[in-house]
Amino acid sequence: MAVILGLVSTTSDTNGVEPNADAVTGRWDGVDVHFGEEGGRLTYGSYLRLGALLDQQRLESDPPAHDELLFITIHQVYELWFKQVLHELTASRDAMLADELWLAEHLLRRVHTIERILTQQVDILETMTPQDFGEFRHRLSPASGFQSVQFREIEFLSGAKDPSFVKRFRGLTDAERTRLEQRLEEPTLWDAYLAVLRAAGFPTDSEDEIRTALQTVAADRSKYAAIWELAEALLQHDELAAAWRARHVVMVERMIGAKPGTGGSSGAGYLRSRLDLRYYPLLWRLRTTL
Ligand code: HEM
Ligand SMILES: N[C@@H](CC(=O)c1ccccc1NC=O)C(=O)O
């Protein structure tokens with residue numbers, strides 16, 4: 001029996017997730033092989049591209065500051081999870097647009113689990129002291145988390161589109177700028193949720209109409225169970241993003257106090273100004289009336 005290893009993507013927009021060409025061509029006779037010895041083709045390390053992955057931690061400090069490896073690793077892990085979150089949020093948005101509500105909710109719940117981990121990861125970085133951070137912090141300027149393209153993509157896709165961030169970005173590659181501009185163009189999760197409300201027969205042309213639709217759904221949860229649960233899942237995503245922002249700014253105060261940021265902002269002051277950001281203000285305002 002011939003077995004084809006690996007995944008073949010069926011979507012045209014792979015969101016940066018490409019099939020592994022080596023894996024797709026690998027075949028072996030399922031009867032003769034021993035586990036882990038498929039003719040020496042696919043291995044743990046080659047499948048996961050560990051040669052490349054584990055070669056990406058390059059320190060700026062010289063002599064090497066002990067804690068800089070932790071700092072780089074944490075950020076790289078964040079970016080890997082951001083990639084996964086974008087993959088899931090994009091699919092959740094598309095599921096809503098296709099009126100597949102169970103799938104949209106299922107994917108959002110996976111995102112919540114990742115987002116909890118993203119906040120907990122701050123604990124690891126806080127094992128670094130301000131003094132040890134100080135050994136290499138001066139080498140990082142003007143780089144900053146402010147320049148995380150995927151972080152901004154998550155904000156745009158979630159509903160907080162702000163073109164001024166694209167203008168303020170320094171050092172974007174053409175591919176990164178294109179990705180951000182595409183996120184500014186395409187429907188957000190909130191746009192997709194409004195499409196769900198319309199598919200259920202609610203008009204959504206004005207804020208008043210949307211508020212009425214949300215009220216009606218909340219007032220009859222047995223009739224509108226899937227739509228209600230989806231709104232709750234969106235709200236949870238919003239709350240977990242807010243929790244990360246709050247955790248990040250407190251960590252920043254612990255690490256650098258009131259110093260300005262390497263990215264050129266006032267530092268904690270700027271980050272505090274972003275704490276009130278909410279993706280779905282109407283879902284929050286609804287609470288007051290329930
Ligand atoms: C020692 C640890 C950290 C410190 C002291 C720190 C500090 C800061 C500061 C001061 C800013 C404001 C921009 C500026 O630099 O002027 C900022 C922004 C940001 N940082 Fe960090 N950060 C740390 C760790 C992290 C980690 C682990 C991540 C995860 C990816 C991260 C992601 C971000 C993001 C996304 C922004 C932009 C936030 C926004 O515009 O709302 N930071 N950080
Ligand atoms: N902005 C931070 C430095 C920092 O944390 C950082 C530097 C380069 C790349 C990512 C970073 N993480 C979050 O801002 C600071 O002002 O200390």
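Cβ atoms are placed via backbone N, Cα and C, with glycine included.
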* To do: From ARG137, ARG198, ARG211, ARG221, grab the residue that TrEMBL records in the same substrate site as PHE71, ILE72, THR73, ILE74, HIS75, THR262.
  => ARG137
* Structure fact -> Taking ILE72, THR73, ILE74, ARG137, THR262 as the binding-site residues, the residues having C-beta under 6 A from ligand 1 are ILE74, THR262
* For HIS248 (heme binding site) and HIS75 (substrate binding site), determine the Cα separation and express it in whole Å. => 13
* Asked: Are any of the binding-site residues PHE71, ILE72, THR73, ILE74, HIS248 near ligand 2, with a Cβ under 6 Å from it, and if so which?
  -> none
* Asked: Out of HIS75, ARG137, HIS248, which of the binding-site residues has the smallest number of neighbouring Cβ atoms within 10 Å?
  -> HIS75
* Structure fact -> One finds that other Cβ atoms within 10 Å of the Cβ of PHE71 (substrate binding site) number exactly 21
* Asked: What residues, ordered by sequence, lie under 8 A Cβ-to-Cβ from ILE74 (substrate binding site) and sit at least six positions away in the same chain?
  -> GLN121, ILE124, LEU125
